[in-house]
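Peer 1: First the structure, then my questions, so here it is.
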Amino acid sequence: MSLLDSLISVVSSPMLQRSLIAALVVGLAAPVIGTYLVQRRLSLLGDGVGHVALTGVAMGWLVGSWTGAEPNDAYAVLGAVIAAVIGAILIEVVRSRGRTSGDVALALLFYGGIAGGVVIISLAGGTNANLTAYLFGSLATITTGDLVMTVIMAAVIMAVGIGLRTALFAVSQDEEFARSTGLPVQVLNILIAVVAALTVTVSMRVVGLLLVSALMIVPVAIAQLVTSSFRRTMFTAMGGGAAVCVIGLVITFFHRLAPGATIVVLAICVYAVIAAVRPLLGAGRGRAADPHPDMDDDVNVSKAGAQE
Amino acid sequence: MSDLISVTDLRVDLGSATILRGIDLTVGEGEVVALLGANGSGKSTLMRALLGLVPISGGDASLFGISVRNQRRQVPWPRIGYVPQRASVGSGIPATALEVVLTGLLHDRRWHVPRGGRTRALDALASVDLADRAHSPLHQLSGGQQQRVAIARALVRAPELLLLDEPMAGVDRPTQATFARLLTTLQSEGTTVGIVLHELGPIRPLIQRCVVLRHGVVAHDGGAPAPAPGHGAADHEHVHLDHGRHEPTDVREAVTPRSLP
Ligand SMILES: Nc1ncnc2c1ncn2[C@@H]1O[C@H](COP(=O)(O)OP(=O)(O)O)[C@@H](O)[C@H]1O
Ligand SMILES: [Mg+2]
């Protein structure tokens with residue numbers, strides 16, 4: 001079978017089509033909020049929220065088993081969304097208080113999230129194996145309903161993240177100044193936290209909770225290697241995120257690899273390559289102009305003295 | 001004449017320490033007031049309390065006649081511009097000078113850059129001699145240039161009340177001269193200015209009134225203190241005397257008669 005034949009068979013398979021569309025929209029949406037998180041030096045917020053979301057998944061499962069829902073993980077995603085939003089708001093509150101104990105509080109939240117998830121899933125009569133799909137992604141089993149949900153959530157994330165770009169940039173770049181302009185900084189901070197939580201749950205499908213943060217952060221890390229403005233960093237990261245998600249997924253159509261991990265490994269390889277070749281690319285750029293501002297000296301330097 | 005700033009018996013506590021107490025101050029329309037005092041005397045805290053950035057524990061502060069303490073939402077934020085003390089150097093994400101200045105166009109009711117905002121932001125950058133650096137990432141600018149970006153970010157609001165916290169700290173002389181020119185223009189346009197300074201320097205002629213803080217209370221409110229002979233501005237003296245940090249090179253200060261109480 002030639003490569004072309006296999007590509008055609010991929011495109012004509014509804015299951016693979018669904019997974020490709022999901023990877024594309026998640027790849028586009030995740031870096032949007034990732035850009036603000038990097039700006040705020042909160043790159044690890046996604047990880048924290050991901051851990052907490054696992055407890056939410058297990059809670060949803062528990063509710064499902066009590067109510068005899070079919071399938072029994074019917075409420076798992078809902079549970080993940082609720083837990084992620086609560087977790088993200090808690091992290092934001094701790095951050096804005098600026099307490100030194102915040103670090104420890106966050107650590108407790110992270111470990112509590114994972115441990116809670118494992119304990120609750122066994123209460124619900126499940127096993128750790130049931131959690132694997134959430135921890136490492138489950139693109140292959142995505143249903144049409146899941147896909148619709150994914151597209152809607154990604155659209156909300158992009159609408160908020162791009163639509164309120166200047167205001168969200170303002171609070172992330174200089175919170176003190178933003179407050180002095182009268183902007184409702186607290187509301188905007190919580191908005192970023194909530195949208196980050198949505199991003200975590202929507203990315204859970206593609207790469208799994210353990211790697212969610214990579215999808216939000218690595219494309220941004222790649223983009224900031226090659227851009228010089230916030231706006232371009234965001235849009236470059238979106239393009240890069242979508243590209244690595246789709247290409248990574250297509251690779252797994254031909255090799256038996258786990259999609260989520262493949263996507264993240266691909267993204268990190270791209271980062272490494274660009275970081276390595278960037279000095280070569282940038283060498284010719286902007287060298288001609290004298291970077292020093294044209295200013296008079298602050299001190300009098302004697303010409304004669306300098307020449308001696 | 002209406003008071004743009006009115007502070008009555010203000011007290012600010014941060015942590016367990018009382019940083020400001022018994023502050024009474026009014027600033028009328030069109031005044032240019034310098035706020036002087038030693039490091040740690042509470043100048044920045046006073047400015048931040050005025051803007052509602054730190055909690056007020058006693059008394060009150062009003063801007064445009066509206067209490068910052070009780071009616072924060074009603075304060076006319078678009079009419080106020082603020083230049084914080086440290087020019088915030090961007091974080092991991094590069095942002096251009098223009099992008100930073102554009103954030104100055106936002107306020108409580110406006111979360112988007114308005115029509116024509118870009119032009120206004122470019123004009124503001126031009127007014128601080130940075131027109132050619134609009135698209136440079138902030139982290140590639142010098143400290144003085146970043147400071148001017150922060151000033152442009154406040155100016156783009158076309159504020160009636162401009163509050164600047166040490167805008168001239170660590171900038172070179174040409175930047176200071178640019179700043180003095182800018183302040184002259186603002187003053188002639190009737191902008192009310194509150195400015196934290198360490199020494200009056202080239203803007204001395206523009207300053208009608210100086211408020212000096214010492215250990216969190218107002219120690220002087222009136223004309224510009226006369227410069228001590230052979231030394232910079234008189235406020236400089238306070239910096240050293242108040243905290244007993246006499247530098248060996250400044251022994252002269254100890255014998256110079258102090259011009260202020
Ligand atoms: N957030 C804070 N918590 C506790 N103390 C503070 C805080 N901010 C400032 N201070 C203290 O308040 C005093 C006044 O600070 P500040 O207003 O920055 O002085 P200035 O601007 O005059 O140099 C200093 O002693 C400083 O240590
Ligand atoms: Mg200060």
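Placement of Cβ uses the backbone N, Cα and C atoms for every residue, glycine included.
Found this in TrEMBL, in case it helps:
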- A:286-308: region 'Disordered' (REGION)
- A:20-38: transmembrane segment (TRANSMEM)
- A:50-69: transmembrane segment (TRANSMEM)
- A:75-94: transmembrane segment (TRANSMEM)
- A:106-127: transmembrane segment (TRANSMEM)
- A:147-171: transmembrane segment (TRANSMEM)
- A:183-200: transmembrane segment (TRANSMEM)
- A:206-227: transmembrane segment (TRANSMEM)
- A:234-254: transmembrane segment (TRANSMEM)
- A:260-281: transmembrane segment (TRANSMEM)
Peer 1: Please work out whether the transmembrane segment (A:75-94) lies in contact with the transmembrane segment (A:183-200), by counting C-beta pairs under 8 angstroms that are 6 or more apart in sequence and asking whether there are at least 3.
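Peer 2: Yes, the transmembrane segment (A:75-94) and the transmembrane segment (A:183-200) are in contact.
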Peer 1: Answer yes if the transmembrane segment (A:183-200) and the transmembrane segment (A:260-281) have at least three CB pairs under 8 Å among residue pairs 6 or more apart in sequence, and no otherwise.
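Peer 2: No, since the transmembrane segment (A:183-200) and the transmembrane segment (A:260-281) share fewer than 3 Cβ pairs closer than 8 Å, they do not count as touching.
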Peer 1: Quick one: find which recorded stretch in A:106-127, A:234-254, A:260-281 has the most Cβ pairs under 8 Å with the transmembrane segment (A:206-227).
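Peer 2: Out of the listed stretches, A:260-281 contacts the transmembrane segment (A:206-227) most.
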Peer 1: Counting only pairs at least 6 apart in sequence, do the transmembrane segment (A:20-38) and the transmembrane segment (A:106-127) share 3+ Cβ pairs under 8 Å?
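Peer 2: They are not in contact.
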Peer 1: I need to check the long-range neighbours of the transmembrane segment (A:106-127): which residues 6 or more away from its ends have a CB within less than 8 Å of a CB in the stretch?
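Peer 2: Hits for the transmembrane segment (A:106-127): 47-48, 50-55, 57-59, 61-62, 64-65, 72, 83, 87, 90-91, 94.
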Peer 1: I need to check the long-range neighbours of the transmembrane segment (A:147-171): which residues 6 or more away from its ends have a CB within less than 8 Å of a CB in the stretch?
Peer 2: 18, 21-22, 25-26, 28-29, 32-33, 35-36, 39, 77, 177-178, 181, 183, 185, 188-189, 191-192, 195, 198-199, 201-202, 205, 230-231, 234
